[in-house]
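Only one structure is covered here, and it is reproduced in the block below.
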Amino acid sequence: MAAPTRLLLRRVIRLSHRCNNVPAAGVSARSRCCWGPSTCRCFSDVAGDRSTHFGFETVPETEKAERVYKVFKNVAQKYDTMNDVMSLGIHRLWKDMLLHVMHPQPGAQLLDVAGGTGDISFRFLEYVHSQQERQKRRMARSVQTPSSQDISNNYSTEHEDTPQESRAVVCDINKEMLNVGRKRADSMGISAGLSWVVGNAEELPFDDDQFDIYTIAFGIRNVTHIDQALQEALRVLKPGGRFMCLEFSKVTNPVLARMYDTYSFQMIPVLGEVIAGDWKSYQYLVESIRKFPEQEEFKHMIEDAGFYCVKYHNFTGGVVALHSGFKL
């Protein structure tokens, strides 16, 4: 009982700070506009001289979002190609593992934040469809030589019990990435149950308790205030909803870590220049990975945001980690 009690105390203290923190003259503070009836989450930043990291560079907080936007605007057209080249295609396996762990059922509502070109949402819809087909086959096998009346009854029951249609919402702050995703969806013939929304992970444009699953894949390290993004994830999830974050992390094997660092810093920016014509953006992406919290630290951040049963799985020796937690 001690750990849940400490977590509850931390949440109460943090909430009291948010509600009561009135800055003195000349002292900047982050204000919120949404403790009333509205579900607007207007995290207005008066950042003053506060700074944060942009890769290995220190920049004012107010500049980071714009810089990150420019990075992904520059790489949007070659983003998927570069993912395949940089990871030798392994990123596809990591995303498949995310869906395997998620195991969504028909009717699930997904919010894919920083969803960019739609990789996670496409997999989600395909997975749910395969689950629906599997359920239909299982039902058909369970009915042995039915009469016409049985068939009629089963048909009526099936339609009465049909769950809510699954839906995937791709939310990204970058319009160029979303445009690439829409074109991909059109070329793949995917439209049903899929929508595209421009939105900031720190100020999601959705009401409370809307989604069963929240995913963010290779995006949260680019957020200026990770704690706010986690709080927003908690807010928009339904009770019982699941948070899932796939992100580059800390390599656990020393030999692999040295090889990974060499490849990252000496090869990836070169590939970015050759394929996407952009060295600097991929230099930033490599540096941003090194600035992201290690697995245990990020796990504690998710717990501090209010999630329970937080766990993580390392993939490829910790090159990538999948963190997940639940809203109770």
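Any Cβ shown, glycine's included, is placed from N, Cα and C.
TrEMBL lists THR117, ASP172, ASN200, ALA201 with the feature S-adenosyl-L-methionine binding site. Among the features that TrEMBL reports, compositional bias 'Polar residues' is placed at 142-156. If you look up TrEMBL, you'll see 135-166 marked as region 'Disordered'.
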Other C-beta atoms that fall within 10 angstroms of the C-beta of ALA201 (S-adenosyl-L-methionine binding site): 23
Other CB atoms within 10 A, centred on ASP172 (S-adenosyl-L-methionine binding site): 24
Lowest local Cβ density among THR117, ASN200, which the record lists as binding-site residues, within 10 Å: ASN200
Cα-Cα distance, maximum over THR117, ASP172, ASN200, ALA201, record's S-adenosyl-L-methionine binders, Å: 16
